[in-house]
Amino acid sequence: MAREQWGTKLGFMLAAMGSAVGLGNIWRFSFVAGNNGGGAFLLLYLGCVFLIGIPLLLTEVSIGRKAKSDVVGSYQKLAPKTPWFFTGFFGIFSAFLILSFYAVVAGWSLYYFFNYVTGNFFEAPAEAGFGAVFGGFISQGWQPLFWTALFMAMVIFIVVSGVKKGIETANKIFMPLLALLLIVLAVFSLSLDGAMEGLAFLFQPDWSAFSQPSIYVQALGQAFFSLSLGMGALLTYGSYLSDDKKLPGAAVGIGLMDTFFAVISGLVIFPAVFAFSIDPSSGPPLVFITLPTIFEQMPLGGIVGLIFFFALSLAALSSAISILEVPTAYFMRLFSWSRKKSSIIVGSIMFFFGIFVSLGFGIWSDVTPIGEKNILDSMDYIASNILLPLGGLSMALFVGWYFKKATALKAVDLKDDLMGSTWYGIVKFIVPVVILIIFVSSL
Ligand code: PHE
Ligand code: NA
């Protein structure tokens, strides 16, 4: 059977942007920034995106396009009889870890959407506000699991129906809508009493924060997570791209778009966090407490909340399908499974792990696999801060050192001019050195 392909370059762009823009920009960006002091984190995060993220994004897509295979098979094809393919397993492994908790958080988003449909969340149903509402919801056993299962079923359904059909069209409508909503929300949030404190938190770096090594790892991990980098999601999407499509413009476009969504979410969340005296370091629940509190104060907030959580759930869906696609494509080739069989098996295993993640907010909240981190935070830490950067490091070393310069430049559609050499120098030297320094300093 011939390998599947995108219909058009736009189809690829939409899918790749759909992969990038998701819970990472709103949910993860906000709580990681909130935990790491705001401004100093933002600065480092932007540094990681532009210096490392975008050049690597181009690199990752080009590997897939050149090899036309999955994250393990691409290395086997381009570097036969070498151990390079081994690094592809980081990607497969991180896909399992990430989607297992991503589906839980996306389930929360679906639950919120549902509560805006019924009108239940138009006003905080509890005296103590949305903090108590959220805490009560996630600590129950079955309810959050139901929403996780529903989300996972939707992801599998879309991946089964193939790469081309997917949800390209839905993305075309709802990504711009999500952007528009975020802009409106940012304006509203900035008009709240006390908003300026939030702005200062986000944009005025506390210079002493730079002396903490953990902030560098967090910024790097957030850049990788948000750009969908290092797992092989973009590599796999690139493998469905024909050779005549030009890559550098696409890579920059995807990177800028993703960063726009992150910064604008910061402008929604932090002014409101300070205006409503919410703790910026509340961790994963942060946006699920802050957002409904904003909607409650806002004219027509119930409707805005409804559309918002619908769009957020869709954004999560288009990211999740790119994660499921990584192991699905691998197992399809490895065991000659059908797309249907592969995605159902992989997706079910992920849901199974998701049960642990979800219960980690309830009966298993005392389970802390790493330090004081609960199950979600532990899985997230290993995947986003360690495995994704390692996957990216190996892609940089592969293209920078295993390929000859001319081969590398040709793979990414650049010429041997200033721009091409800059990209090559970054990928060959800067990316590996920076990632290694950050790793070593955090030990
Ligand atoms: N980039 C996605 C987001 O921001 C998450 C993701 C991570 C997708 C890794 C693919 C690979 O939500
Ligand atoms: Na993102």
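For all residues, glycine too, the Cβ spot is worked out from N, Cα and C.
According to TrEMBL:
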TRANSMEM  12-30  transmembrane segment
TRANSMEM  42-63  transmembrane segment
TRANSMEM  84-114  transmembrane segment
TRANSMEM  145-163  transmembrane segment
TRANSMEM  175-195  transmembrane segment
TRANSMEM  215-237  transmembrane segment
TRANSMEM  249-278  transmembrane segment
TRANSMEM  298-324  transmembrane segment
TRANSMEM  344-364  transmembrane segment
TRANSMEM  384-403  transmembrane segment
TRANSMEM  423-442  transmembrane segment
Stretch of maximal Cβ-Cβ contact with the transmembrane segment (215-237) [cut-off: under 8 Å; candidates 42-63, 175-195, 298-324, 384-403, 423-442]: 42-63
Result, the transmembrane segment (249-278) in contact with the transmembrane segment (84-114) (3+ CB pairs under 8 Å): no
Stretch contact, the transmembrane segment (42-63) with the transmembrane segment (384-403), Cβ-Cβ under 8 Å, 3+ pairs: yes
The transmembrane segment (298-324) touching the transmembrane segment (175-195) per 3+ Cβ pairs under 8 Å rule: yes
Segment-segment contact (the transmembrane segment (298-324); the transmembrane segment (145-163)) at 3 or more Cβ pairs under 8 Å: yes
